[in-house]
Amino acid sequence: MAGETTKLDLSVKAVGWGAADASGVLQPIKFYRRVPGERDVKIRVLYSGVCNFDMEMVRNKWGFTRYPYVFGHETAGEVVEVGSKVEKFKVGDKVAVGCMVGSCGQCYNCQSGMENYCPEPNMADGSVYREQGERSYGGCSNVMVVDEKFVLRWPENLPQDKGVALLCAGVVVYSPMKHLGLDKPGKHIGVFGLGGLGSVAVKFIKAFGGKATVISTSRRKEKEAIEEHGADAFVVNTDSEQLKALAGTMDGVVDTTPGGRTPMSLMLNLLKFDGAVMLVGAPESLFELPAAPLIMGRKKIIGSSTGGLKEYQEMLDFAAKHNIVCDTEVIGIDYLSTAMERIKNLDVKYRFAIDIGNTLKFEE
């Protein structure tokens with residue numbers, strides 16, 4: 001993390017919610033944050049988003065969760081204190097923190113403005129800072145202390161409760177489309193899956209001036225996709241006639257389903273010459289990769305994970321300008337365990353946001 005290299009004063013008392021071990025039992029966890037340094041911003045957390053990633057981290061699915069674990073990589077709040085050299089923010093500003101709270105700042109990726117691909121990142125929930133050895137704890141807590149570089153300005157006309165999930169779902173789909181030039185009017189983009197990521201992807205595509213076609217496993221969400229989210233068309237992925245008619249018509253396809261579930265051949269067949277498949281769903285297994293469609297159509301497959309700081313801010317500003325928010329159920333902290341079970345059972349439309357400011361009690 002950019003900033004001081006002296007020993008930190010970890011004396012800011014904090015409380016968050018998370019897990020003490022991989023059992024998945026959620027509970028209040030008391031811990032300490034650092035005293036704000038000269039370039040730090042102290043934030044009173046008001047809302048924290050919850051998604052499937054948090055549930056998997058709580059249970060240590062990938063084997064790198066550090067306990068005690070306080071989750072939260074979608075955080076919105078207000079500034080309550082700033083360091084002496086902070087230039088971007090003042091007390092009272094609405095702000096946000098995404099998936100990252102630090103990076104090396106020196107590598108090619110960081111220098112290119114893509115801090116999310118830094119080989120030594122400081123993630124918001126559970127990293128150890130390279131220089132100081134400080135643990136990071138997520139935003140599902142009463143307070144955060146973050147280097148100003150990694151604090152985002154929150155647009156005034158964007159509601160924090162409905163917008164906080166954009167810090168994950170929004171940037172995950174915005175970044176690859178922006179990178180590939182699919183943010184231009186007239187582009188035809190297919191969206192596989194209509195969950196938290198897919199529903200937001202459709203909203204961004206329409207705001208870009210593009211055509212959005214949702215591809216799903218059943219017609220259950222057809223009315224919702226078209227009437228609520230503005231999709232131009234809806235296709236069932238087993239309808240061979242519909243798929244045949246769409247072959248070679250799309251500039252891009254964004255796959256928001258868990259990686260490997262959607263046949264790659266199906267997605268590649270929908271693409272125009274020079275089209276791209278964007279993988280943003282975490283892969284659960286290996287998948288077959290047909291080479292002929294790639295070679296004969298100069299098609300490409302890219303993966304993407306969140307976005308750099310510049311992209312984060314651009315995404316929030318764009319969302320505010322076009323009134324893009326996530327379909328969100330706002331809950332109190334006491335409902336968190338139930339919310340996690342509902343996420344596991346796919347029983348949420350489409351995101352949860354915890355009202356931290358009004359429901360997380362902090363006692364010295």
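Heads up, the Cβ atoms here are built off N, Cα and C, so glycines get one too.
Annotated Zn(2+) 1 binding in Swiss-Prot involves HIS73, GLU74, CYS168 plus, out of the candidates CYS51, CYS140, the residue CYS51. Annotated NADP(+)-binding residues in Swiss-Prot are ASN52, LEU194, GLY196, LEU197, SER216, THR217, SER218, LYS221, ARG261, VAL280, ALA282, SER304, THR306, and among ARG135, ARG351 the one listed with them is ARG351. Least packed by the Cβ count within 10 Å, out of the binding-site residues CYS51, CYS104, CYS110, CYS168, ALA282, is ALA282. A gap of 26 Å separates the Cα atoms of CYS168 (Zn(2+) 1 binding site) and SER218 (NADP(+) binding site). With respect to Cβ neighbours within 10 Å, the binding-site residues ASN52, SER216, SER218, THR306 differ, and SER218 shows the lowest count.
Ranking the binding-site residues HIS73, ARG261 by other CB atoms within 10 A of the CB puts ARG261 at the bottom.
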